[in-house]
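According to TrEMBL, the features are:
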type	residues	note
BINDING	Gly2, Ser3, Gly4, Lys5, Ser6, Thr7, Arg107	ATP binding site
BINDING	Ser6	Mg(2+) binding site
BINDING	Asp24, Arg48, Gly71, Arg123	substrate binding site
Amino acid sequence: MGSGKSTIAKSLYCHTHSLILDSDQIIQNNENLTINEIFSQKGEQYFRNLEKEFCAFISKNIQHCIISTGGGMPIFCNVKQMGKVFFLDIDFENILSRLNDNEVSTRPLFQDKDKAFKLYLQRLQIYKDSAHFCVNANADIPTITKEILNSL
């Protein structure tokens, strides 16, 4: 959240015309609930199982697309099985500066900024280890896009 996944996906689409899939959006559409509602009504484990199902489906059925995943997916799923994985490495302060109040309020794991920062620190190395490529997402959109395109 706030790393620029959606913006970068759209920028990559302009260059590749590849299909864009957003795991959180697809899960929300399939469940007819927001992420926050899934967490509160069905629990985090239920949501993580949905992420695992998404990952397995993509791995077996979809190729040559741009996939934007939720922040927990690299923690709970083997995202490398879906294809080339790019981690958008961004400073926590830049994440905060990009988010508006509505975006923060819709993410259960981002309700407390101190806890969110601790989670960020806990996950950072896992994200790096889960990726084939780490991209400096503190840069501007054209620079990030070019770096990813040069790695394809």
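Glycine too: its Cβ is placed from the backbone N, Cα and C atoms.
Note that TrEMBL annotation is computational and uncurated.
TrEMBL feature annotations superimposed on the structure.
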| residue | record | contacts (Cβ under 8 Å, 6+ apart) |
| --- | --- | --- |
| Gly2 | ATP binding site | Ile90, Asn94, Ile95, Leu96, Arg98, Leu99, Glu103 |
| Ser3 | ATP binding site | Leu88, Ile90, Ile95, Ala137 |
| Gly4 | ATP binding site | Leu88, Ile90, Arg98, Ala137, Ile141, Ile144 |
| Lys5 | ATP binding site | Asp22, Ser68, Thr69, Leu88 |
| Ser6 | ATP binding site | Asp22, Ser68 |
| Thr7 | ATP binding site | Ile141 |
| Asp24 | substrate binding site | Ile35, Ser68, Thr69, Gly70 |
| Arg48 | substrate binding site | Gly72, Phe76 |
| Arg123 | substrate binding site | Gly71, Pro74, Ile75 |
Gly71 (substrate binding site) has how many other Cβ neighbours within 10 Å of its own Cβ?
18
Could you measure the widest C-alpha to C-alpha distance across Asp24, Arg48, Gly71, Arg123, the residues recorded as binding substrate, and give it to a whole number of angstrom?
18
